[in-house]
Structure formats: structure tokens, C-alpha cells
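Visitor: Got a structure for you, questions after.
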Amino acid sequence: MITIPRYIVIEENGISALYDILSKLNLKNPLVISGKKTKKYAPNFDRIYYSDVNLDDIVSINKLTKDYDAIIGVGGGKSIDIGKYIAYHSKKPFISIPTTASNDGIASPVISLKQPSIMAESPIAIIADITTIEKSPKRLLTAGLGDVVSNITAVLDWDLAHKEIGEEYSESSAIFSKTIAKELIEYVVNEPDDYECNIHEYSKKLVKALIGSGITIAIAGSTRPASGSEHLFSHALDYLKIKYDLKVNSLHGEQCGVGTIISSYIHHIEGNLSKEIIEHIKLSLKKTKAPTTGHELGFDDDVLIEALTIAHKIRNRYTILRNGISKEKAESILKETGVI
Ligand SMILES: NC(=O)C1=CN([C@@H]2O[C@H](COP(=O)(O)OP(=O)(O)OC[C@H]3O[C@@H](n4cnc5c(N)ncnc54)[C@H](O)[C@@H]3O)[C@@H](O)[C@H]2O)C=CC1
Ligand SMILES: O=C(CO)COP(=O)(O)O
Ligand SMILES: [Zn+2]
């Protein structure tokens, strides 16, 4: 069954809506999960840090949550994901209070702490306080754009999987997802000013796009509308960070943005995407000062090449990478796109 959020607040000082929403949902005693830097945005209920939760110990998670009637996640992607994970295992409703807009986990029914991601429940309520979000580090707000532009290639990969291997496909979810991305890309590309001059409007549009993306995932019952080969590349980079113990602190959305530059180029070569769109994807990322090269992400060329050659093996998801690409081809694509 599709579950989508019952309450969505996207407003200045939106946090003030929390108590009314809790009362409408008849929730009285939530447990808050936050990060250390985002503790100051947490509402005044019992609270723990996400870094103190042992994700492998479900018995302790159930003990920890047994006296609470809801879980609230406050913070960036990790806080929200770990809050959602705790809510999922303890079967309590989850309320999402993002303090930034770095990825679509703020609204999706998905937990993406490791691959393959878990399909859980959508947050019952999302409170996006624009006053807090617009003041969050710019880097997080540009990473969010990377997670939105991903929808373009994710939908193309999904369509390809439908045509080439008969995978189930939802036209409504796909249209919704790519429209969200195209509108945000065009907004950024056509803004005469540096987006930092209009951070308020940008933040609002970004939050709406990320929440919309999360809802397309809920409608599809899969991350297909928002995660394709560009996400496989990002997940491959995360895998290699652990494998080689790399001290690279690139964000999910930043990696997905660079992944989208690569995947959109491959789709363009196969005739699935116009030159104008691939140029606008890159331009929108550049305008927000998001990374567009592997060097800006912090990776050496050989790691980027390896990531592109292993990306198709990260999970069972058919994409434009099909059964994988050779090291030579990966190197040539990364050079053609200016990623290396
Ligand atoms: N469930 C889903 O569909 C998805 C979930 N994710 C999750 O998101 C994670 C990545 O999230 P990110 O936010 O990129 O990184 P993160 O959560 O690892 O780091 C964000 C950092 O920014 C800080 N921060 C957040 N808001 C702030 C504010 N207002 N002021 C100052 N600092 C602030 C946080 O405390 C944290 O240190 C992934 O590891 C994954 O778990 C990512 C994509 C989709
Ligand atoms: O990041 C996501 C969507 O933006 C989650 O997708 P995954 O299924 O690739 O983890
Ligand atoms: Zn993502």
C-alpha cells in the first residue's frame, strides 16, 4: 500500500507547527534523534544522538523506544535516515524535521544507510523550517540539487529497464520525477543572479523538489524514479571510500550530481537525451558551485575509473551501464565529461 506524508509544512519558522501536528495525530511522547550540530534545532522532548545508536542491535532499539509513541528525526540526511530506521524497526510513526536540504531522504519511505536500500514507510509528517534550512551550510544546499538532477537519468534508466528487460514502470511517477528536476534546473540556469543572492527562494524550491522526489518514490514503491546509474556511481564511491579507507568527505548529493553528468552523457550518446539538457544539468551544478569534477569531490582518477567499472554490480538494478563497462571505456567517458 502507498503511504505518503499526511502533513507537509514548508514555511518560515515552520517548526512552530509541530505541536499542532502532534496533537492532530494524537502523539504525546516522541523520542527525538538528532546530530551534534543540529541538537539546537531539536524540539523539547527526550533526545538522543544518532551516532549513539547501534544499528545492528534491534533488541536495544526496541527497548530504547518502548515508552515513546513516535520518533522525530532532526538534522541532515544521517539523522533523518537513522530516525526513520529506528521508527521502522520499532513500528512507530516517523516525523521528519530536516535542518538542511541535502537529499530526498527527508520525505522518502526509504532508508539508504547501506545498499541495497530498505523500503520502509514515508514520514507521517514533514516539517521543513525554511528559516533554519536557508541558513544551513551552502554545501549541503548545493548537494541537494545533485540529488534532484539525478531524477533525469534515473527515469531514463528506468524506462530503459522497462524496454530492455520488461521491468515494471510507472509513467505517472516518472513524469512527476523528471518534471521536478527539469523545473529546478531551469530555475537555477535562468536565475540572473548568483543563487546565493536569492538563497531564500532557492531553498524553498529545493525543499519542494526533494519532497516531491520522495513522494514519487512512495508512489512507485521503489527508488527507481530518483535513483539510477548516477546513484550506482555514488554508491560505488562510498564502497571504495571504505575499501581503501579514503579520507574523502564528499556528500551523497555531490556524488550523485557528478554521477548525473556521467550518466546523462552516456544517455546522450545513445540518443536518449538532448545536448541542451546535459549542458543545463552541468550548468545548474556549476552555478550553485556544486562539484562537477572528481577532483572537486576529492577523489583520484583511478578511484573514479574503478567506481564507474564496478557501479553496475552495486545492486540488482538494470541501467544504461548494463552489464558493466571496461576500464578503458570508463576512462574515456570520464575524460569526455571533464570529470577527470
Ligand atoms: N533515505 C533516503 O532516501 C536517502 C537517505 N540518504 C541518507 O543521507 C545521508 C547523507 O546525508 P547528508 O545530509 O548529505 O550528510 P550527513 O547527514 O552525513 O551530514 C550532514 C552534516 O550537516 C550537518 N547539518 C545539517 N543541518 C545543519 C545545519 N542547519 N547547520 C549546520 N550543520 C548542519 C549535520 O549535522 C551533519 O554533520 C546518507 O548517508 C544516507 O544515510 C541519502 C539519500 C537518500
Ligand atoms: O538516494 C536515494 C534516492 O535519492 C535512495 O536511493 P537508493 O535506492 O539508491 O539508496
Ligand atoms: Zn539520492
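Sequential numbering from 1, following the chain as shown.
Just so you know, glycine gets a Cβ as well, placed from its N, Cα and C.
Got these off TrEMBL a minute ago, pasting:
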BINDING   Gly77, Lys78, Ser79, Ile80, Asp81, Thr99, Thr100, Ala101, Ser102, Ser108  NAD(+) binding site
BINDING   Asp104, Asp147, His231, His252  glycerol binding site
BINDING   Asp104, Asp147, His235  substrate binding site
BINDING   Asp147, His231, His252  Zn(2+) binding site
Visitor: Rounded to a whole number, how many Å is the Cα of Ser79 (NAD(+) binding site) away from the Cα of His235 (substrate binding site)?
Guide: 19
Visitor: Where ligand 2 binds, which of the binding-site residues Ser102, Asp104, His231 are close by, with Cβ under 6 Å?
Guide: Asp104, His231
Visitor: Should any of the binding-site residues Gly77, Asp81, Thr100, Ser102 have a Cα within 10 Å of the Cα of Asp147 (glycerol binding site), which are they?
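Guide: Within 10 Å Cα-Cα: Ser102.
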Visitor: Taking Cα-Cα distance, which of the binding-site residues Gly77, Asp81, Thr100, Ser102, His235 are within 10 Å of His252 (glycerol binding site)?
Guide: Gly77, Ser102, His235
Visitor: Tell me the Cα distance separating Asp104 (glycerol binding site) from Asp81 (NAD(+) binding site), rounded to the nearest angstrom.
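Guide: Cα-Cα, rounded: 10 Å.
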Visitor: Give the subset of the binding-site residues Gly77, Thr100, Asp147 lying near ligand 3, defined as CB under 6 A from any of its atoms.
Guide: Asp147
Visitor: Return the residue, from the listed binding-site residues His231, His235, His252, with the maximum count of other C-beta atoms within 10 angstroms of its C-beta.
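Guide: Going through His231, His235, His252 one by one, the largest Cβ count within 10 Å is at His231.
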Visitor: With respect to ligand 1, which members of the binding-site residues Ser102, His231, His235 satisfy a Cβ distance under 6 angstroms to one of its atoms?
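Guide: If the test is a Cβ under 6 Å from any atom of ligand 1, the answer is Ser102.
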Visitor: Would you mind pulling the DSSP three-state label for Gly77 (NAD(+) binding site)?
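Guide: Going by the DSSP assignment, Gly77 (NAD(+) binding site) falls within a helical segment, counted as helix.
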Visitor: Counting only other Cβ atoms and using a 10 Å cut-off, which of the binding-site residues Asp81, Asp104, Asp147 scores lowest?
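Guide: Selected from the binding-site residues Asp81, Asp104, Asp147 on minimum Cβ neighbours within 10 Å: Asp81.
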